[in-house]
Each structure stands twice: as C-alpha cells, then as structure tokens.
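What TrEMBL records for 44-65, 86-105 is transmembrane segment. Per TrEMBL, domain 'FAE' is recorded for 103-392. Annotation comment: TrEMBL describes C247, H326, H410, H414, H443, N447 as active site. Annotation source TrEMBL lists domain 'Beta-ketoacyl-[acyl-carrier-protein] synthase III C-terminal' at 409-489.
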Amino acid sequence: MNQGGVATTNGGSGSGSVGVRIQKSRRLPDFLQSVNLKYVKLGYHYLISNLLTLCFIPAIAALSIQVSQMNLDDLRQLWLHLQYNLVSIIICSAILVFGLTVYIMTRPRPVYLVDYSCYRPPDHLKAPYGRFLEHSRLTGDFDESSLEFQRKILERSGLGEETYVPKAMHSIPPTPSMAAAREEAEEVMFGALDTLFRNTNVSPKDIGILVVNCSLFNPTPSLSAMIVNKYKLRGNIRSFNLGGMGCSAGVIAVDLAKDLLQVHRNTYAVVVSTENITQNWYFGNNKSMLIPNCLFRVGGSAVLLSNKSNDRRRAKYKLIHVVRTHRGADDKAFRCVYQEQDDAGKTGVSLSKDLMAIAGGALKTNITTLGPLVLPISEQLLFFTTLVVKKLFNASVKPYIPDFKLAFDHFCIHAGGRAVIDELEKNLQLLPIHVEASRMTLHRFGNTSSSSIWYELAYIEAKGRIRNRNRIWQIAFGSGFKCNSAVWQALRNVKPSSNGPWEDCIDKYPVKISF
C-alpha cells in the first residue's frame, strides 16, 4: 500500500506531537529545482538504445528520393555496372538480409491494450462520513482522540460520500475473517473480469498470461489461482501473483506482462489489480496507522493486453514506455510505508514523517529518466543545457522546468490523497483539467490503490476527451519505495466501454470539493 494521502492530515491530529509530524510532511519537495545528472544520463541511454532505428529511417528516405530521380539511362548504366561487380552485390545483399533479419528478430513487439474494466461495488457497500464515523465509534476499538482524528482526516481527504468499504466492515462488530477477505477478493476480481470478457468477446481459454497484484492479502492458493479455477483457464497459462508492492504495483504488473508478451507470440495477457481491505483494517489508536482506514476503499481493475497484430484495429491504446524507479536501497525509503504491530499488538501500516519527501525524490528520479523519452527535442535541449551549465560552472542558474504538457495530453496521477495531487499539479505546472480525473476519482471511489489509475482513465474516456494519437501518462507511487510510470498512445477516438464505473454518474462531475 502507498499512503500518499498522509499529507491530507495537516492539523488533524488530536495531539500536538502527531500534528507536528504530519505538518512537516505536508508538501512534496520542489523536486524539479534539483535533479541528478546520472538519471538524465539514464534517460538518454534509453533514447540512444533506439538510435539504430532512428538512423535507418532517414537513410531509407534519402535512398528513396535518389531512386525516384533516376531515369532509364541511369538505370541502364547501373545495371551494366552491377554486372561486373557480382561479388560486391552478393556481399551487400548478404549484409542487408542479415541486418533486416536481426532487426525483425530483435525489435520489440507492439503491446496493445484491447480494453479494460473497473469494478463498481453495489450501493449497499457505500460508506458516507456519518456512517463511517458511527461504525468506528460503535466498534469500541477507538478512543475519542482517534475518532476525532479520523473525522478531521475525512473532512480534508477529498473523498466524497459515495465511496465503498467491504461488507465485513459494515457489521457491528466488524468480521475481518479469512472467509470474508476471500469473498471481497472474489467479488472485486471476478466482477471486473466478467465485464472485461463480456465487452471484448474474448474467451478465458484464450488467455496465455495472467498477472495479479494485491499488496496485503496473499492467501494460499494464490489470487491468481482463484482466477484460474473460476474461469477454468488452460493448464499451460503463465500466471504470476505480485504481493507487497503497494499502489504502484499496477504499472509493475503491466511491465511484467509486456516483457512476457515479447517472448510468447500471438497471445493475450490479463492484468488484475486490486487491494483487499477486509483483513487490513486497523483497530488501534496509533494515528499514523489510522490514515489508511480513512483513505482506502474497495476497487479493482482488469486489463486485457495483446501482441496480436490484428488486434490493433480494435485496441484502444498502444503501450509506449514503462519507467520504473525503486528507492528501496535507502533505509528511510524502505521503511517509510511499513506494515507492523503497534504497542498493543494490533497490525497496521505505519507512515513515516519522511513519506512526502521520499515520494518527491522518487518522482524526481522517475520523471528525469522519463523526460528524454517523451519530451520534444526543444524542451530536452533547454533542460539539458541549463543542467550542464549549473553542474559544470556552478552557476546560479535556475534549472529549466520541462513542460510535460507538451509530451502528454492526459494525466492519470494515482489518487493517493488530495495533497499529493495538489503538489504534483503545482510542481509540474499542470492545469486544473489535467488533474480533474485524479480528484474526481478520489472523490467518487477513494484511494483504490493500484487500480486508481484505471478509474481515472475511465473518467477521461467517459468525458469523451481522448482523441486519436493522444498520449496518456499514468504515474503511481508504492511502498518500498517506488514510483512507476506508464505511457500509452490512443489508437483512435476512444469511447467508454459498457458497464464502466462512471456510466450512471459522469454527468454529475466534476464537482466542487470543499474542505
């Protein structure tokens, strides 16, 4: 889990010490004012790795222009010349055939996003503020200070009155059993998958790769095995179950599926992203562990990827880049989101006061690596020039802040909390419309962990904003500490699929959120 929303608790503590801790971590650092040259080099390394392809294109264009300007006499003279240079022709032809073979065999296969679905829980699982706080009081597990703390968190969180909590949390007292947790997982995963298979007309038997990610609930048999059993997937399916990787695990799962699709030809991959709340509700009074109770809500997504060339015609998007950043080598980063027991022996996820600073550092690394891959050359030159001048001459030159709005048309920022969205909007110089999907997803569905970026993309689709060749940037944070990005390109004007999460409420949004 990633509790990016910790910053929303500014001033919300019932005690002075906790209030100070949270206020210190209220803002992301201004990470674009200082970047590390080695990460820029890494991004340029990715760019240069595709240099061969970039060089072939102008060479072929120049050759085509030259050939088009030749007349019959030129062709006759060329033929006579080639007749007396048979050895040279054979050598050149062999080199050409070898080069083309190597290129065809080593080039990355395109990965298409055929469609995706997001789980929409039933209405009886809704948890308005009043009901949430009343249930918290009736459990008898929280003292008055903790109840007041949760009330202030909710008021400042950016969540609306229609988010969902699992059925076990609606009971008095709550029933966080293994059976209830399995029931929640099945309802979310199977609900999303049923919609996906129905919308795409793909048979479960055609799925060759399955990747499931859930951070805090990892039973035996695994969640991926539950899906194999439910849909009777074929016996040679490549299935993977990712656990403990936080809210950025959805992008990690897509990256894993992409790599597998490079190896296994002509197949489909399904990526299921969810989080399980039932067995991970905190019933103690440690305020840094209470924040997830207030922010995390039920949700999940299922994504269908394909490497089949004929799927391009019906696919919504093509995967362009995945950039992953892991700061786990740093002890502070490793422990900033940490599952442990409190002094009373109750298990929860504790949040470090350094969380926001660490998230900012991971984000800085990620976008510095991503920049050379996506930014126009003009932005890259301006950014790189000011950086080199500052590094070489120690000049008091303010680093140039690249305009990522020139690289992307839409932004899906993980809805971890209001403060994170606020700070990314400010630091990346985004407009309100660019973060609208993130804010409205947080308001309508809460923090649904790794699936939140898909609810956001569904929002943009439902608004009818995605046009052919538009680029979408999905960015998410996770424990460990990780920051991961995925870049997609629309293959057509995208319309929302049926049974989408916003189908019956998109006309109500955007709403004005007051705090």
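Note: Cβ is positioned from N, Cα and C throughout, glycine not excepted.
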C247 (active site) to H414 (active site) - Cα separation in whole Å: 8
Counts of helix, strand and coil residues, the domain 'Beta-ketoacyl-[acyl-carrier-protein] synthase III C-terminal' (409-489), according to DSSP: 37 helix, 21 strand, 23 coil
Cα-to-Cα gap, H443 (active site) vs H326 (active site), nearest whole Å: 29
Site with most surrounding Cβ atoms, counting all protein chains shown within 10 Å, from the active-site residues H326, H410, H414, H443: H414
For the domain 'FAE' (103-392), mean pLDDT (0 to 100): 93
Protein Cβ atoms within 10 Å of N447 (active site), excluding its own: 29
Cα-Cα distance linking N447 (active site) and H410 (active site), given in Å to the nearest integer: 20
Neighbour tally for C247 (active site), based on other Cβ positions within 10 Å of its Cβ: 32
